[in-house]
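Asker: Quick one: the structure is below, questions incoming.
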């Protein structure tokens, strides 16, 4: 069996918030993270030196619960934030303000660190015009307030294209907003879905399709798509025995460096062949969905390929001709692909699926961080696996069999405090050793910690 993964504390993000922190969102391209705090602020930290760069204030009247960076932005960063005050804020900031290289957004240029706290006037220019311009360009601009929810906003998520923003709330609703991208920060409400029977805890967009997943206090996961200009539910997954706290998607094949599951005692060429076959089979279903719950489990879900649902005499599977009108309607069948090894004694609040390594991280109320790895099950291992309590295999029928193995655990990662969120981020401190990625955990005591992984 492959060596276990050691989780090592690299640094805290300093200074921490003095109140509970809920979530830390890594920037998609820059070495930055945005941390949501109960003190009504969003704190932007550098992953280069682990220090505070900006404190975004003044937009929300209650705790900031969630945040997400808009993808595919050039020269400007856009951050969506959701608050217990029932509103969603959109913030903008130029990535560079007259500096070259990676000095923008507070990144160091040589040994010089550029101050970026919006509460401090940065007027270091030689003239008044220059100072005013730099101060204006440095600051986060509160672009627009999206108002529609009746209660606390729990999660926000941008679609892969960056044109759609999904928000969900304690009011049991999911809203989808379209960024009109007209230069005036205008957003249009395109859908309001209210099928959930309880507080909607999380929303997460498919990595390439306009398909939205949501998890709720009603113990279900629901999938949503647009059909003929109307958004509607296409699947309802009833597998968890408690509140679904968080969702994350598996990465696309083009993302990161992950080739697929690993295998023990197999040559590189044999492993490559297995991975190629596995990717070919997986392409029929698309990326899988990861969930965690109050029932203390972490689960993986797989969409049943449309071909297997379309078995009628005129289906594309029998005629070879793609059908524009789907004979089975818009409904999708999602099935449980795996239940990961039980690693938590209390509710699991967050999961994160690495797009670079394929590792899964989970955390929650027990203050523990757990790591899981997916591995191929060889013929020689199948008999042994039946009695292996540390591994749980997928139920994927005719496809290559895999198992998820618990490979790393960090107990008491934030002392006695509950951990609310965990995320993968690209390592940026440029120090040798360790993996290319770090884990970022966010806890009740206001601390945010960065962890490295070694085998």
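Cβ from N, Cα, C; glycine included.
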Asker: Under Swiss-Prot, the annotation region 'Disordered' belongs to which of these stretches: 252-276, 277-301, 302-326, 327-351?
Answerer: 302-326
Asker: Pick from 35-68, 69-102, 103-136: which range does Swiss-Prot record as region 'Disordered'?
Answerer: 103-136
Asker: In the same chain, which residue numbers or ranges, 6 or more beyond the ends of the repeat 'WD 4' (195-234), come under 8 angstroms Cβ to Cβ?
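Answerer: Long-range Cβ neighbours of the repeat 'WD 4' (195-234): 154-161, 164, 166-170, 172-174, 176, 240-252, 255, 286-287, 289, 291, 293, 301, 330-332, 334.
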Asker: Six or more residues beyond either end and a Cβ under 8 Å away: which residues meet both conditions relative to the repeat 'WD 3' (148-187)?
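Answerer: Distal contacts: 62, 65-73, 80-88, 90, 92, 193-194, 196-210, 212, 214, 216, 224, 231.
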Asker: What residues in the same chain, six or more past the boundaries of the repeat 'WD 2' (59-101), come closer than 8 Å to it by Cβ-Cβ distance?
Answerer: 20, 22-23, 25-28, 30, 32, 34, 36-42, 109, 114, 134, 137-147, 149-158, 160-162, 165, 167, 169, 171, 177, 179, 185, 187
